[in-house]
Amino acid sequence: MKKFFLASSILSADFARLGEDTKKAIDAGSDWIHFDVMDNHYVPNLTMGPMILKALRNYNITVPIDVHLMVKPVDNLIPQFAEAGADFITFHPESTDHIDRTLNLIKECGCKAGLALNPATSLNFLDYVMEKLDLILLMSVNPGFGNQSFLPTSFNKLREVRKKIELNSSNILLEVDGGVKLENISEVAFSGANVFVIGSGIFGYTDYNVIIKKIRKKLKNVYSTSIH
């Protein structure tokens with residue numbers, strides 16, 4: 001397994017050429033695709049449904065797709081996204097009455113399960129479900145829109161979650177989403193994240209190869225420092 005994973009957030013891609021733009025990001029070195037689903041109810045925006053995910057799979061997008069459900073209620077959409085081709089499905093604790101049951105549903109559908117925490121959401125939600133998690137997603141902005149600035153309070157929260165993961169001797173992936181870019185990715189990585197959701201920090205550039213190469217160089221330096 002790689003030390004770090006880049007998940008290109010297609011919320012920032014060119015929707016008129018979504019398949020092509022997604023493929024360009026992958027060819028430039030993106031490991032995953034991050035797929036944001038918003039319902040204009042749980043969050044104040046409306047984005048993509050299962051048919052868009054299925055269309056990407058039909059376009060020969062084969063890398064892991066990380067579906068982030070910002071919807072309420074959430075359970076009825078999980079089988080649809082699993083069938084459409086999701087690898088990871090992540091939801092927010094506020095979107096369900098039974099976190100444990102929703103995690104079980106994701107697993108039953110054949111996907112890896114994640115829990116997403118907003119900037120002001122307590123980490124206590126993790127305490128009784130760690131053994132069922134494959135991924136923890138920390139939001140470093142308030143969800144709903146792309147191209148926001150990284151909230152500095154997220155650094156401490158990342159460090160706290162990393163401690164929880166290590167105390168459980170777990171292989172849970174720690175993902176961060178919101179305002180991650182070339183200028184701050186080193187500090188984000190040093191704080192404990194190993195999956196980085198990047199939207200405008202990749203799609204906002206003309207040449208994805210150049211920016212991803214620069215990001216990889218920063219992460220390589222973090223890795224080299226951390227093993228010495």
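Each Cβ is built from the backbone N, Cα and C atoms, and glycine gets one as well.
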Out of D177, D207, which one does Swiss-Prot list together with H34, D36, H68 for divalent metal cation? D177
From the candidates S9, S122, give the one listed by Swiss-Prot for the same substrate site as H68, D177, G178, G179, G199, S200. S9
Which three-state DSSP class does H68 (substrate binding site) fall into? strand
H68 (substrate binding site): tally of other CB atoms within 10 A of its CB: 27
Note on divalent metal cation: the CB centroid of H34, D36, H68, D177 has further same-chain residues inside 8 Å, namely A7, S9, L11, F35, D66, T90, L137, V197
Per-residue Cβ crowding (10 Å cut-off), top of binding-site residues S9, S200: S9
